[in-house]
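The structure under discussion appears below in the form of structure tokens.
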């Protein structure tokens, strides 16, 4: 846990530093390196936060994962609003004799469609001159907004005596928390039966214990199948999030819909807004509903929504309705899938790393794939691709359920014989699982 918190501190601090440096980058290579550092830090934060919630709260982690991803969506919705006041409505660079360049901007925007990006060459845009945009302030504001996060993590490390210079007296995080006290005996039960379960994470305190080959000796193929199918479900669903938010504007402004550019610009905001709303709704829902059921509803809902979008592809109204519906169904897929997969694999935290990686790869690869297909086949292929990805996500989810039924369950006799469970008094008033 100390290693994870130190990595979380370094990554969150790197985010603030990167956002402060981005406006000062005047070379595209330097900017690419800085952005790569930002991506690495964000990947660490995403993995560590999900993994530690699973390890600390175990059976109750579904609620906390939903809350975590609500704030992910809220941040994605809030950050463009912070940047918007600093964006220029005209050309960002003005030069002598090119004052009329800014007046051409509306025509340039209308000509920027995926099939004919070369139309931009018809307009003479100045590359040198006075910079009139103030977008640098947006990056610096975001850097300041993020700065309390590494400060809070460092304060937590210091208070829990996990800073390296105080590690001689370190003790577990949340030692006084009743919920953590109740879940910690479950961890001991799992460690006490490590000899009977060959895939148990020996060296549980090691951040990289999941990668040790000795943990894979003697495990059944279903252990790997659960990891792979779970990652593939998130590969598809997170890929849909990336490709839909990235290309729904381009789809809307082309024929047959031909939505006005300003109106089409509301579609990505509507999509992220309903993702955030869906994650907020999912917090109380996950208390009553099993993660497997929530994932099933989400995947089927995505499939039906894309089917209706294809049927009513000429309706602008249904495009907005379908965008909102898709945001709702996709909202809780990621945290619910994490909770479901970790529940199958006894909350080791290893599956979280595999699933987060699969989701990130899907968000990157499917956007690239769909962009290429739209360029070659036209805007209608945008919905066809979404339908295909939805069908694949449902197929992989069905395979995950199949492998879940085949996966060997822990012996109930071992759990009942555990001395720690018998040591918990019944009249303490603590939270009971």
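The chain as shown is numbered from 1 upward.
Just so it is clear, glycine is given a Cβ too, placed from its N, Cα and C backbone atoms.
Predicted, not measured: the structure shown is a model, and the values here were computed from it.
In TrEMBL, the feature transmembrane segment is placed on 30-49, out of the ranges 10-29, 30-49. Counting only same-chain residues 6+ beyond the ends of the transmembrane segment (263-281), those with a CB under 8 A from a CB of the stretch are 66, 69-70, 72-74, 76-77, 80, 241, 244-245, 248-249, 252-253, 319-320, 323-332, 335. Here the transmembrane segment (61-82) lies next to the transmembrane segment (318-340) in space: the count of CB pairs under 8 Å, restricted to residues six or more apart, reaches at least 3. Below 8 A, the CB atoms of the transmembrane segment (221-241) and the transmembrane segment (137-158) form no more than two pairs separated by six or more positions in the chain, fewer than 3 in all. Residues 2, 5-6, 8-9, 12-13, 15-17, 19-20, 22-23, 79, 82-83, 86-87, 166, 173 of the same chain sit 6 or more residues outside the transmembrane segment (137-158) yet have a Cβ under 8 Å from a Cβ within it.
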